[in-house]
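The structure appears right after this line, and notes come after that.
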Amino acid sequence: MHTIGGAKENLIDIDVRVKILFLAGMLALVLSHDGVTFPLVVAALCVGTCLWLKVPARVFMLRILEPLVLVTGLVILKGLSGGEPLISFAPFGLEFTFYKDGLQAGGMIALRLAAAVGLVTVISVSTPFVEFFSGLGWFRVPRTFIEVMMFAVRYVMMFFEEAQVIYKSQKNRLGYSSMRRSFNSFGILSGSLVIRAFDHSAHMTTSLRQRGYDGHLPELEGKPFKAKEVAGAIVLISVMVVLWQLPLV
């Protein structure tokens, strides 16, 4: 969760607490809606916002890749049950039948999840993750939970970069030229990351103790809300509530 270069400053500078409240309200509206139009509008607005923020396509795809895989699996599972058969096929002698009602239900759930993922993506690319966790602390989220999330985000980024370095080094040495060598190289890569995880955790613990870190995040304490930002969030939520109440389509 980090700020993308070239993003619009007026969106990035909005109080993170206002962003969190807006995100919570929008997620509640999206997940509670039973129609198609509202989640589709929200998803389209999120994609448009990411384009406006000039989010690189690679970064955007990495953010939505895992949810996209989960959504695809969900649609397939839902499509295998229902009332009216829609299509059947039998690969390798195994018969599969997809049902119209199941696919419709799966599509509805997938659309709501896509809108929710879009909302989280917009907030994540427009908010430095340290500020986001500071905002959670202002809402009295347990300190232990915030610390675990901060370290998890930090380690995921760090190990992703290290995995890329090791993979490129192995690839340059033809470590993935055959199936057998690929499995061997992947095992070495995984083992190296585990060893480095222990080393980094020990170094980080020592470094934090030397700096007197106790998990306290004072950045937002005593900072007043800005009336303009609160009013803007209320107006946007009100517009979305009106759209949410439109007849289901």
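Residue positions begin at 1 at the first shown residue.
Just so it is clear, glycine is given a Cβ too, placed from its N, Cα and C backbone atoms.
What you are looking at is a predicted structure, and each value in this text was computed from that prediction instead of being measured.
Long-range contacts of the transmembrane segment (20-53) within the same chain, counting only residues at least 6 positions beyond its ends with a Cβ under 8 Å from a Cβ of the stretch, are 4, 6-8, 11, 60, 108, 111-112, 114-116, 118-123, 125-126, 132, 135-136, 139, 233, 236-237, 240-241, 243-244, 246-249. Annotation comment: TrEMBL describes 20-53 (among others) as transmembrane segment.
Within the same chain, residues 1-4, 7, 11-12, 16, 19-20, 23, 26-27, 30-31, 33, 36, 39-40, 42-43, 45-47, 49-50, 53, 55, 59-60, 63-64, 67, 70-72, 74-75, 78, 150, 153 sit at least 6 positions outside the transmembrane segment (109-129) and bring their C-beta atoms closer than 8 Å to a C-beta of that stretch. Annotation source TrEMBL lists transmembrane segment at 109-129 (among others).
The transmembrane segment annotation in TrEMBL covers 141-160 (among others).
Feature annotation from TrEMBL assigns transmembrane segment to 230-248 (among others).
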### Summary
Contact set of the transmembrane segment (230-248) with the rest of its chain, CB cutoff 8 A exclusive, min separation 6+ beyond the ends, reads 18, 21-22, 25-26, 29, 33-38, 41-42
